[in-house]
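A.B. asks: Take this structure first; my questions come after.
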Amino acid sequence: MSEPESDAKPNILITGTPGAGKSYLCERIASELKFEWLDCSKIAKENNFVEEYDEEYDCPILDEEKLMDHLEPLMAKGGNVVEYHGCDFFPERWFQAVFVVTCPNTTLYDRLKERNYNEKKLTSNIQCEIFGTILEEARDSYKSDIVFELKGETKADAHTSLKTVKNWYRMWKRK
């Protein structure tokens, strides 16, 4: 990306295992920093960007190409906070910061159970968190200096995470 204009805004990716606290954080970033919140799961559902349905995991399979084509013009404008539980297929050029929300397994288990995840889906997501899969994916897909880990267990964690994002944004604007 070229030099940011004074009113230009970066694009931020908020990623992490389902139930880690991404939506809660994105809602606040969008509200307080006046960013456009792009919830990729919601966008995919609303626009039928689905290749097929996975019966075993009880979830739709994202058509990444259709989602990317939809997001491209929005991302070019800047000022987006993008939420998704994966990150390795997004173009690196889209984001100036990638924040990975993590959560302890016991809390995550309770949240996913509350969402009525089936046993296979629940176990898979818990294992994903145990092995730090999303954080590793982010570190493998983006420059290390733009990837940050945030905690999503409690409201206090969410508040601290929001402060971290706001501080990052303040620093970014000074560049």
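The backbone N, Cα and C atoms fix where each Cβ goes, glycine too.
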A.B. asks: Which of these ranges is annotated region 'NMPbind' in TrEMBL: 39-62, 63-86?
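C.D. replies: It is 39-62 that TrEMBL describes as region 'NMPbind'.
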A.B. asks: For the region 'NMPbind' (39-62), what's the model's average pLDDT?
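C.D. replies: Here the predicted model's pLDDT, averaged over the region 'NMPbind' (39-62), is 90.
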A.B. asks: Can you give me the residues near the recorded ATP site, meaning same chain, not G19, G21, K22, S23, Y24, R115 themselves, Cβ no more than 8 Å from the center of the site's Cβ atoms?
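C.D. replies: Apart from G19, G21, K22, S23, Y24, R115, the close residues are P18, A20, V101, R111, G152.
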A.B. asks: Far apart in sequence but close in space: which same-chain residues, 6 or more away, have a Cβ under 8 Å from R115 (ATP binding site)?
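C.D. replies: Those within reach of R115 (ATP binding site), by Cβ under 8 Å and sequence separation of 6 or more, are P18, G19.
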A.B. asks: By DSSP, how many residues in the region 'NMPbind' (39-62) are helix, how many strand, and how many coil?
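C.D. replies: Split by secondary structure, the region 'NMPbind' (39-62) comes out as 8 helix, 10 strand, 6 coil.
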A.B. asks: Restricting to the same chain and to residues at least six past its boundaries, which positions have a Cβ under 8 Å from a Cβ of the region 'NMPbind' (39-62)?
C.D. replies: 23, 26, 70-71, 82-85, 117-118, 120-121, 124
